[in-house]
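J.: What follows is a structure written as structure tokens; I'll ask about it next.
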């Protein structure tokens, strides 16, 4: 089996395993599957769970797409690949829980290959996971980062620190001067040694459930009211802003003629904006700002 097919098989299995775990945790709703094809090449399967007991919306998509010319978002930092044919596969998910005390989360793992005249001229892995709480708890954030650190350990002492820092820098809303959440891991252009880099991608993909599901279980029965729900919807607006303004995956998908419904499944089903909103000083809502700056969560 060639390298691309090995990655593809891993990713489809990862999607299946995460869907099964989410359905078990939710206990009510199930994923609906939407199979699709892309005119220029490839296709995918998008799965959406809606109106569950725990998750308002959980979307997880697998795609395997190809094209004859790299879109600007992919070739801007690799001008030598302009005009190359390409193929990319990946799994991307975003989960929006009902309960404002359960953080929103995102995970993506992907593999990209560029060819010219039938020869592979570049191939690399990318991905990561990050956490976006609205009412954060130190123990949740520390657990999240402990899992991230542990899965990075076999890949070198500097791996966690470097990819945590990359995550903090990437998921930053410059126009708001705040991070999207409390970070996690982010990496791209990992393509020096296939077996080593593929093993890391699998560690990240497999580690996601270990990082997230204990937080879901811990917070899913926390009581909340209209105040918390309104703040959750307001903060979801930041998620929308980041994904539509900065996110490279969203831009790549739209610029490459991808399926808009699948690309935009990351957006929350309900969201609101409020002009000039300022949380009451000393409130739980105001406390969130202390978490939206890069910091060492593991001491």
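Placement of Cβ uses the backbone N, Cα and C atoms for every residue, glycine included.
For 92, 108, 109, 110, 257, 258, 259, the entry in Swiss-Prot reads substrate binding site, with the evidence type sequence analysis. Feature annotation from Swiss-Prot assigns divalent metal cation binding site to 96, 106, 145, 175. Annotation source Swiss-Prot lists active site, proton donor at 106, citing sequence analysis. Taken from Swiss-Prot, the feature site 'Important for dimerization' covers 175, and the record attributes it to sequence analysis. The region 'Important for dimerization' annotation in Swiss-Prot covers 239-274 and rests on sequence analysis.
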J.: Over the region 'Important for dimerization' (239-274), what does the predicted model average in pLDDT?
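T.: Across the region 'Important for dimerization' (239-274), the average pLDDT comes out at 90.
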J.: Which of the binding-site residues 108, 257, 258, 259 has its Cα nearest to the Cα of residue 96 (divalent metal cation binding site)?
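T.: Result: the closest of the binding-site residues to residue 96 (divalent metal cation binding site) is 108.
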J.: Per residue, counting other C-beta atoms within 10 angstroms of the C-beta, which of the binding-site residues 106, 175, 259 reaches the highest number?
T.: 106
J.: Between residue 106 (divalent metal cation binding site) and residue 257 (substrate binding site), what is the CA-CA distance rounded to a whole number of Å?
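T.: Spelling it out, the Cα of residue 106 (divalent metal cation binding site) and the Cα of residue 257 (substrate binding site) are 23 Å apart.
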J.: Counting other CB atoms within 10 A of each CB, which of the binding-site residues 257, 258 comes out lowest?
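T.: Result for the binding-site residues 257, 258: minimum number of other Cβ atoms within 10 Å at 257.
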J.: Let me make sure I understand the structure: which of the binding-site residues listed (96, 110) has the fewest other Cβ atoms within 10 A of its Cβ?
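T.: Sparsest of the binding-site residues 96, 110 by Cβ contacts within 10 Å: 110.
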J.: Just to verify: the residue among 92, 108 with the fewest other Cβ atoms within 10 Å, which of the binding-site residues is it?
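T.: Each of the binding-site residues 92, 108 was scored; lowest Cβ tally within 10 Å is 108.
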J.: For the binding-site residues 109, 145, work out the Cβ neighbour count at 10 Å and name the residue with the minimum.
T.: 145
J.: Taking only the Cα atoms, work out how far residue 257 (substrate binding site) lies from residue 175 (divalent metal cation binding site), in Å, as a whole number.
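T.: If we compare the Cα positions of residue 257 (substrate binding site) and residue 175 (divalent metal cation binding site), the gap is 28 Å.
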J.: Per DSSP, what is the residue tally for the region 'Important for dimerization' (239-274) in helix, strand and coil?
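T.: Helix, strand, coil within the region 'Important for dimerization' (239-274): 22 helix, 0 strand, 14 coil.
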J.: Quick one: pull the CA-CA distance for residue 92 (substrate binding site) versus residue 145 (divalent metal cation binding site), whole Å only.
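T.: About 20 Å separates the two Cα atoms.
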J.: Between the two most separated Cα atoms in 92, 108, 109, 110, 257, 258, 259, the residues recorded as binding substrate, what distance in Å do you get?
T.: 20
